[in-house]
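Colleague: There's a structure below that I have some questions on.
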Amino acid sequence: MGAALALLGDLVATVSEAAAATGFSVAEIAAGEAAATIEVEIASLATVEGITSTSEAIAAIGLTPETYAVITGAPGAVAGFAALVQTVTGGSAIAQLGYRFFADWDHKVSTVGLFQQPAMALQLFNPEDYYDILFPGVNAFVNNIHYLDPRHWGPSLFSTISQAFWNLVRDDLPALTSQEIQRRTQKLFVESLARFLEETTWAIVNSPANLYNYISDYYSRLSPVRPSMVRQVAQREGTYISFGHSYTQSIDDADSIQEVTQRLDLKTPNVQSGEFIERSIAPGGANQRSAPQWMLPLLLGLYGTVTPALEAYEDGPNKKKRRKEGPRASSKTSYKRRSRSSRS
């Protein structure tokens, strides 16, 4: 076994020197790929340049006879070493492993199909949202972090922020400015109107009531006879008829408005108007805003903060009309028997 290991060491050293001299890898030399490549080059030289001697072709390629011998004899040496080891130890598995060590130096063969289904894929299939299912939100984080280049995060960050700021100034700022101006104008108008209503002086005016009373009294005194006929009768009898007022004397010969006012006698005196409402100040000296109770719904309506309790106070509770229910007809049949007379 020691001799086999010594031969293995010499073989590895020789193949390594040949690989360093030619540029081929150890795996290519052991597998025979390097020898096949050299044979193709020698054949091409013989075809193109007419070189028939192998030594001249090897010299033209730039190889020495020793190196050429090592490259062409390496696959056989590996096979012979495997046979020697198998003969000495009786372990064919070790020879197979040694052959694979040189033959498959850079190429790995998957053994999945040897133990599972032969037509199985060599790579597991994962859906696009596989990692997002395992870690929710990781895809969104990865997609967003690509906007900042880790290698040049400074210029990328500056470019991204400046572009976002420019988009805001160009697209969103005019709309936001107009909305803000509209909102502030509306708020200023409502605030000014509310302050005006709070600080102004209010007075009780009964002119509409006096006018309504005058019109009501006028129409209540009208005669069912047409006014033209009433005037004709009054002129014939020498009396004065007033539609809505009673005169103590004629006002046709009055000299001034004061005299007309003195002669005019109204049965329903006017209600005095012009009484000012005293404005109350908030107690405590904090100069808080205050308003009378009858003005509170108006102010709250301007600010848009009318509460349901205030609506119920102003409009009254919403009373639902109960449905009038008549006597329900009994679904059960009366099984009471009539009282029979004892007479036959």
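Heads up, the Cβ atoms here are built off N, Cα and C, so glycines get one too.
Note that the structure is a prediction, hence the values are computed from the model and not measured.
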Colleague: Of the residue ranges 122-142, 290-310, which one carries the transmembrane segment annotation in Swiss-Prot?
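Modeller: Residues 290-310 are the ones Swiss-Prot records as transmembrane segment.
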Colleague: Count up the helix, strand and coil residues in the region 'D1' (273-308) according to DSSP, in that order.
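Modeller: Helix (H, G, I), strand (E, B), coil: 12 helix, 2 strand, 22 coil.
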